[in-house]
Amino acid sequence: MNEEEIYRKAVDLVANARGKLEVTNKVGANNLEELSIAYTPGVAEPTRAVHADKSLQYQYTAKASMLAIVTDGTAVLGLGNVGPEAAMVVMEGKGVMLKHFANADPVPLCLSTTDVDEIVKTVKNVEPSFGFFFLEDIAAPRCFEIEERLNRELNVPVFHDDQHGTAMAICAGLKNVARLSGCDLSSKRVVISGAGASAIATANLLFELGIDKITMFDSKGALSKNRNDLNKYKQSVVDRSSVALEGNLADAFKGADIFIGLSRAGLVSKEMVASMNPDATIFALANPDPEIFPPDAIEAGARYIGTGRFDFPNTVNNLLAFPGIVKGAMRSRAAHITLAMKLAAIDAIANYVTDDKLSETYLLPNPLDMNLSDSVATAIAAVADS
């Protein structure tokens, strides 16, 4: 299907179905006996039990599988600030994936505020109803503060997929580049185009993996100690990096080993790729069109290439990570998503590709593999339980 046909079918789908999600009953209400057990008077006894022991809520209610998808609609991928009403369409789409791949019961919470304090307060007030909070499409840098505060103030997991899902997929892909090539990633110089939520999270995870030769670019140029306009999250990347390059993006490509694109289409030329070190890695993840298309990157000399698309090999997509993260955290009733859990997920994604299948065109698992989320969930739960 071409893009125009996909758009038409997407409109027809939601118009005919009246949305993509629904609530269904797990128990019957077909006669007086069923009603008296499911509701009054029978409901009183499990209510008394939960009142006496709040932990029983996970056993006696749907909290263990209930997940809130929280957004203010300010950073919808490819569309920008569309507001909470339009964002509902996207949140339902994410809900479809969470139900299908993680077997969670998702509820979109599209908030009519962009105020950090109000968002945090709202989420805290509905915490008793949910076993997981999934932050989605909230613009940086507010998304960082919201997640940080909720992690401190809630007793259920909070996960900003735009940050960590993409970052974990990238890191898993790079681990398999190293596994296939035998290279030491810590010696490689990395250029990141983009300085939003996913780019900052990617840099932070790369630092944890011992990869610290990182130069990041935002719309104004390279992040550096000479910039006085950086927020604390961008400044942290500068402070942790072991290189201090100036100049433009093309300058940074010269002698680089890895490019991670989280910015906009067509930003990278074949000449830029050709100036990199031999056997370079290009993860061009702008959507819907990458910073450079794989055939052009290959022609320019790159060896390991990934995009965010499903119509090229090596799909570097957050779908590799978030279903397993959700499933594992909810299964183990973890209170938080920790760094150790993220690192375990990275290893699980990378190692899911067996040695006999690993190749330049198969660096990462198929994101649609239904068994992948179980593998990631098992790794997550093992860390949470320890």
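From the backbone N, Cα and C atoms, a Cβ is placed for every residue, glycine too.
Divalent metal cation is bound by GLU136, ASP137 in TrEMBL, and the record lists one more residue there from ASP105, ASP115, ASP162, which is ASP162. Fewest other C-beta atoms within 10 Å: among the binding-site residues ASP137, ASP162, that description fits ASP162. In this view, GLU136 (divalent metal cation binding site) is surrounded by 27 other Cβ atoms within 10 Å of its Cβ, with every protein chain counted. Within 8 Å of the centroid defined by the CB atoms of GLU136, ASP137, ASP162, the record's divalent metal cation site, lie the Cβ atoms of THR71, ALA75, VAL76, LEU77, LYS94, LEU135, ILE138, CYS143, HIS160, ASP161, ALA197, excluding the listed residues themselves.
Each of the binding-site residues ASN287, ASN317 was assessed for Cβ neighbours inside 10 Å, and the highest tally belongs to ASN317.
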